[in-house]
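The structure appears below as structure tokens.
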Amino acid sequence: MSPLLAAFLLLVSMGLTSASTVPLRPGFYAETCPEADFIVKDVMRRNMIREPRSAASVMRFQFHDCFVNSGGPDWDVKLGRVDSLTASQEDSNNIMPSPRANASLLMDLFERFNLSVQDMVALSGSHSIGQARCFSIMFRLYNQSGSGRPDPAIETRYREKLDKLCPLGGDENVAGDLDATPATFDNRYFKDLVAGRGFLNSDQTLYTFPETRKYVTLFSKNQQAFFRAFVEGMIKMGDLQSGRPGEIRSNCRMANSRPVRVLMESQVRD
């Protein structure tokens, strides 16, 4: 969870030490923090202005009308999720898609959480907003699959543009737009994939793989179909819970302070 939610979590965590058995619902914080909706949306907007690269990931935490403000669909977000009692880099690595991943790996990953191929492609559309670093695409530009050559799926003029943005030996922290309309949530992302102008390998592969290409093609032609599938996928993903003991953290960078005995008991249960 983004550390930028710390102020929000500090407000809503009072009196809540564990909510692992509480059903998720849109009005979860209505009494404990009536201003939660405003606080989170304000933090998200400011963060997206300050750091465009975070926009795609930040979208996963947005409330019901934030997408509308950037051109996207509207839905009610179920709230009340809990953070783990301990940190695990391995757990994080196991569920975070790599920008180098191909569609087959992405389908396997999403299937583990009962998310369909359509869900995966639609949710990848969160890359309609934001940027990514050159670091994530250097292999695509200069050594795809160890060939010493660029990814042949990249459209020629777009590759020339990326070569200038991300030269070999250059600053790999330079950021590039994930699609041609990086400040607007629309289906431009899918149109760019059809044209061979996907920034990340994990994006462009959605069009080169037959199992995912049909959804990319559909969404590139029908923005409303993309919006409907995106909302469906977001709701399904939002319903996922680990089933482990958890808490709402006062600082999302670390677990809340607890007596050593309680901490040890929670680790045994995990």
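Every residue, even glycine, has its Cβ placed from backbone N, Cα and C.
Because the structure is a prediction, the values reported are computed rather than measured.
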Candidates Cys66, Cys166 - disulfide partner of Cys134 as recorded in TrEMBL: Cys166
Cα within 10 Å of Asp179 (Ca(2+) binding site) - qualifying recorded positions among Pro97, His127, Cys134, Cys166: His127
Whole-number Å value for how far Pro97 (substrate binding site) lies from His127 (heme b binding site) (Cα to Cα): 13
Mean per-residue pLDDT computed across the domain 'Plant heme peroxidase family profile' (54-256): 88
For the Ca(2+) site built from Asp179, Thr181, Asp186, further residues of that chain with CB within 8 A of the site's CB center: Ser128, Ile129, Ala180, Pro182, Thr184, Phe185, Asn187, Arg188, Tyr189, Lys191, Asp192
Largest tally of Cβ atoms lying within 10 Å of a Cβ, found at which of the disulfide-bonded residues Cys134, Cys166: Cys166
